[in-house]
Amino acid sequence: MLITLEGIDGSGKSTAHAALRERLTAEETTFTREPTDSWYGSAVERSIGDADADPLAELFLYTADHADHLSRVVRPALEAGEPVVSDRYSDSRYAYQGATLEGVIDEPMAYVKRVHEPFTRPPDATLYFDVPPTVGAERAGATNKFEAADYLESVRENYERLIEAEPERFHRIDATQSESAVVEAAVETVETLLSR
């Protein structure tokens, strides 16, 4: 089973991912994230810090990192029968790069999805950490181009479109709650999913 954690910056998904890693010890589970720690992921991280990075080039950096992640980590773990829990995955690309490419290409989120469809492995379930963009930006510190509240509003709208298209896959977590409440909701949801 592939479970992904999604939400705008500052929503608490990385904190929940760390807590899940600590608390889910009953069975072998692969915990991973995107961007990865590969050289592809390093290129993505450099791009995040570059306010002038070309948005289309940036999309393909993220896509290369995702392809490597699939072949190196996700598919081998799933083939070995291990559940995978990923902090960010393809939906982040659809939501974030869909917002970044707005005004650059027509129907950007649909374009990004079409780029991924031939090779990606869709998640079985996704925890969506829902928080208002102003709260997310404040929590994240708005230290890069992807953490500004107005940009995060566009990203959140894209996430809502994804949820509307696949409501059965998404499990919404109210990330305006305390950190401990968010973590508990995430742990409970993942434990339920893994027990199916």
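Glycine is no exception: its Cβ is also placed from the backbone N, Cα and C atoms.
Given the structure is predicted, the values throughout are model-derived calculations rather than measurements.
The following features are taken from Swiss-Prot:
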BINDING   G7, I8, D9, G10, S11, G12, K13, S14  ATP binding site
Item to complete: Would you identify the secondary structure of S14 (ATP binding site) according to DSSP, in three states?
Response: helix
Worksheet item: Using DSSP, would you call I8 (ATP binding site) helix, strand or coil?
Response: coil
Item to complete: Sort out the sequence-distant neighbours of S11 (ATP binding site) for me: same chain, 6+ apart, CB within less than 8 Å of its CB, listed by position.
Response: F129, D130, V131, G136, R139, A175
Practice prompt. Note down the number of other Cβ atoms within 10 Å of the Cβ of G12 (ATP binding site), including every protein chain shown.
Written response: 25
